[in-house]
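A.B. asks: Sharing a structure here in structure tokens format.
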Amino acid sequence: MARGHMLTVCLMSVMLALSMSHFAESALQEGFYSAMCPQAEATLYNTLKDLTVNDPDLPAVLLRLHFHDCFVRGCDASVLLDVPKSEKTAPPNARLEGFNAVDRLKSAVESLCPGVVSCADILAFAARDSVVLTGGPGYNVPAGRRDGRVSSATEASKFLPDAQSKVPGLVANFANQGLSVEDMVVLSGAHTIGEAACHHIDSRIYDYPSKSGVDPNIPADYAKKLKKKCRERGLKDRTFDLDTSTDHKFDSQYYTNLIAKKGLLVSDQALFDDKSTKPLVEKHKKQAVFFEAFAKAMVKMGNIQVLEGTQGQIRKSCRSVNK
């Protein structure tokens, strides 16, 4: 083989390896802290349980925080950093909350085992525990993530899914993270808890290209509720439950709502309205099926571009990089 051809083949192999590294399996382990900090997971769960007593919305907040972290630079807790032009400052993260709760969780494990449990792992554990505390499935969380040193608002705006997205855009967005179409539909089921700002549905109840400005596919009773709560365009300080039937319960009601045309966001209802994903919505309205799939999809998402060993650090404060 000619030397030039061999060089070309080698370069192509290197490029392929680099392109696949984004989706490569990590070396995260279940029970990662069993020897180094055996009470870590139990302490995090109990601390979150106590916090939830006075803030029943916290589980949905922390679940969303983990999603928004993993979709930007991978699951590295970069979303928690307080630095100029950080992910927190990006428009898609304008209503992101839960940072004080993460501080409490970090403090709880630091008092047990200083410098051992990463902020990225805390987010992953907190997401799982949030699901459990609201009635959803428990699952083992592989751990061993390290915390990143960079946080970019530009990257957050580029990679986070948009509430106005239709299925092709959502599929492409999730595929960029190594997640399948079914993963996308299943992980969207996290909208069984939580809420969204009213301005995200302006396009459905005020600005839809119809005589009334309301999307005619929305049932009249649901549209009336939406307009009563979101009484005018552009409201960013008022919210509406993503699931009005069982808003604080993690269940499969989200999919039942979509079938009844009562998905809140454009990106929610699109999953049922698009013929390519409609069968997946119908499949996961069965709670046992959804719970099993959700647990697997969360573990898969939690493996996105994780930092290990010397690639990252274990922050002393989740809000700042170690000096």
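Every residue gets a Cβ built from N, Cα and C, even glycine.
Sharing the feature lines straight out of TrEMBL:
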type     : residues                     : note
SIGNAL   : 1-26                         : signal peptide
DOMAIN   : 27-322                       : domain 'Plant heme peroxidase family profile'
DISULFID : C37-C113                     : disulfide bond
SITE     : R64                          : site 'Transition state stabilizer'
ACT_SITE : H68                          : active site, proton acceptor
BINDING  : D69, V72, G74, D76, S78, E87 : Ca(2+) 1 binding site
DISULFID : C70-C75                      : disulfide bond
DISULFID : C119-C318                    : disulfide bond
BINDING  : P161                         : substrate binding site
BINDING  : H191                         : heme b binding site
BINDING  : T192, D243, T246, D251       : Ca(2+) 2 binding site
DISULFID : C198-C230                    : disulfide bond
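Give me the local environment of each listed feature.
C.D. replies: Neighbours of C37 (disulfide bond), defined as other CB atoms within 10 A of its CB across all chains, total 17.
Of all Cβ atoms in the shown protein chains, 22 besides its own fall within 10 Å of the Cβ of R64 (site 'Transition state stabilizer').
Counting only same-chain residues at least 6 apart in sequence, those with a Cβ under 8 Å from the Cβ of H68 (active site, proton acceptor) are V79, E87, P92, N93, L96, A156, L160.
Less than 8 angstroms from the CB of V72 (Ca(2+) 1 binding site) sit S78, V79, E87, S152, E155, A156, F159, L160, each of them six or more residues away in the same chain.
Using a 10 Å Cβ-Cβ cutoff, C75 (disulfide bond) registers 30 neighbours.
Annotation for C119 (disulfide bond): spatial neighbours A77, L80, V102, K106, D147, I314, R315, C318, criterion Cβ-Cβ under 8 Å with sequence separation of six or more.
If you draw a 10 Å sphere around the CB of P161 (substrate binding site), it holds 21 other CB atoms from the protein chains shown.
Counting only same-chain residues at least 6 apart in sequence, those with a Cβ under 8 Å from the Cβ of H191 (heme b binding site) are L242, D243, Y254, L264, L265, D268.
Taking the Cβ of T246 (Ca(2+) 2 binding site) as reference, residues of its chain lying under 8 Å away and at least six apart in sequence are, in sequence order, T192, Q253.
Under a cutoff of 8 A between CB atoms, and with a sequence separation of 6+ in the same chain, the neighbours of C198 (disulfide bond) are K229, C230, L235, K236, R238, T239, F240.
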A.B. asks: By the count of other Cβ atoms within 10 Å, pick out the sparsest of the disulfide-bonded residues C70, C113, C230, C318.
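C.D. replies: Candidates: the disulfide-bonded residues C70, C113, C230, C318. Fewest Cβ atoms within 10 Å: C113.
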A.B. asks: What is the total of other Cβ atoms whose distance to the Cβ of D76 (Ca(2+) 1 binding site) is within 10 Å?
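C.D. replies: There are 29 of them.
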A.B. asks: Counting all other Cβ atoms within 10 Å across every protein chain shown, which of the binding-site residues D243, D251 scores highest?
C.D. replies: D243
A.B. asks: For T192 (Ca(2+) 2 binding site), what is the tally of other C-beta atoms lying within 10 angstroms of its C-beta?
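C.D. replies: Counting Cβ neighbours of T192 (Ca(2+) 2 binding site) within 10 Å gives 29.
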A.B. asks: If you skip the near sequence neighbours and keep only those at least six away, which residues in the chain come within under 8 angstroms of D69 (Ca(2+) 1 binding site), Cβ to Cβ?
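C.D. replies: Residues satisfying the criterion: C75, D76, A77, S78, V79, L80, A120, L123.
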A.B. asks: Quick check: which same-chain residues outside D69, V72, G74, D76, S78, E87 lie with their CB within 8 A of the centre of the Ca(2+) 1 site CB atoms?
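C.D. replies: Near the Ca(2+) 1 site, the remaining chain residues are H68, C70, F71, R73, C75, A77, V79, G148, S151.
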